Amino acid sequence: MKETNTQPLLSVRDLSVAFHQGGATSVAVDHVSFDLMPGEVVALVGESGSGKSVTANSILKLLPYPAASHPSGKILFDGKDMLTLPERALRAVRGNDITMIFQEPMTSLNPLHTIERQIGEILELHQAITGAEARQRTLELLLQVGIREPEKRLKAYPHELSGGQRQRVMIAMALANRPKLLIADEPTTALDVTVQAQILELLGDLKTQHGMSMLFITHDLGIVRKFADRVCVMTKGKIVETGTVEQVFTDPQHAYTRHLLAAEPKGEPPHSDASKPVVMQGDDIKVWFPIKAGLMRRVIDHVKAVDGIDITLRAGQTVGVVGESGSGKTTLGLALSRLIASKGRISFIGQSIDSYSYEMMKPLRNRLQVVFQDPYGSLSPRMSVGEIIAEGLKVHERSLSADERDTRVATALEEVGLDPATRWRYPHEFSGGQRQRIAIARAMVLKPRFVMLDEPTSALDMSVQAQVVDLLRDLQAKHELAYLFISHDLRVVKALANDLIVMRHGKVVESGPAAEIFANPQQDYTKALLAAAFNIEAVETKAVSQ
């Protein structure tokens, strides 16, 4: 909690941030002020585009200067103004006294280096730890953030880890130097609910042990309620309300704060008709990845990412797939979509596709779409939003004129709640939540029959989550879409899924109608998942910890 009679560790005073492009200037942060005391957790909350991440990035001067500028303000850390600090002095602070966890792990991890090397570089640079000592410290950090069998992950590359595992590696890197201030920008966005709770507990323990302060940027008010000492509510670049968590949650003063507290996905999934045709079916699906060792790189074992799964999706039906990160849920979706090799039988709208090559799948791709977990990693930074969304139309609907394509793109953007005029802009100009909506628009513009939704709402604030759930329901009802909905957010799954598959270590733990499983889970593991999801507390049960 906040200490009294002491100076703030961080003091942001009258901070403004402006972006300049093509002669136009937009203000992203407008005269923001707040303090952060030693050992305190301050949450900066607001919807995507509110300016909270821009504020956080300003502290370490990570904005795209000179396109970005600060018309006003100071950022004092340990009495030093970060905005005027020389670059050499700033580098000494970055990654040492102040570390940062970003929202999208793939933007922070080097795809060419192993996990051991990336964590080891930090230990060598800041603590002069090398060799066996660095390896041991790396193993300790990976264990701390909940990565099972860390010895097997040391030589892994980022693309070989699940989204949640990548996020945990990034947290381990940030904690390696025991910083005074940790800036956490949606640090648990990609994590399943049980590990989310464990990571929050871990961060809380580290805060207590080392007197570490935290600036916690999030859209998840449930986390704020459990974890923060004070909260600052942002919208349109301004802080509109600040106070203790208890004050803001029990007696919100500003209309926008009341709007945030009231917004979350609600409602029931559309009715599923068992007489509707089967769109996608998988029987005994297996995806095994070989583990190689020795000079000859012989196969000594397998990671059984998916191990004998049966699944059926009908037109107008949503099957939710839930489980901890690394459980195999995304791998199952990729196998059904024929984006990775698998064993077992797969049929799509009556066609057996399990033996189809890449070329044979091409004519079906427009009807079989994917929305990925990490929007930044799936959107080309060199293409405008309009070009990104129109790309599939150029391949699959070549008869369309340029004007017809443009109309389809504009309609798709409107459907996901974005201004069609934004189609001339580029992905880096959007917030994380806006980028996710662009990814959804890109999939929907092709009018698919089957859509794999891999954490489609994970980067979205609560009110936009609710809008996207409503949008997905409307699109499903209109076009009889079959959704494979992969998520760790069981609140969203509850609002959207007709049927549920609970996965763990590549196998089905429990499956059936979603309403029945939510009301009366049969397996200990499912009970632990539900307890963590709806209470945001670390669940200490063998079902989760083993």
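Cβ atoms are placed via backbone N, Cα and C, with glycine included.
Feature list (source: Swiss-Prot):
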BINDING   46-53, 323-330  ATP binding site
DOMAIN    12-261  domain 'ABC transporter 1'
DOMAIN    291-530  domain 'ABC transporter 2'
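Feature map: annotations from Swiss-Prot on the structure.
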residue	record	Cβ contacts under 8 Å, 6 or more apart
G46	ATP binding site	K52, H219, V233, M234, T235, L260, D461
S50	ATP binding site	M234, T235, K236, G237
K329	ATP binding site	V321, V322, G323, I486, M503
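G46 (ATP binding site) carries neither a helix nor a strand DSSP state and counts as coil.
The binding-site residues examined here are S48, S325, S327; by Cβ neighbour count within 10 Å, the least packed of them is S48. Mapped onto three states, the DSSP output places K52 (ATP binding site) in helix.
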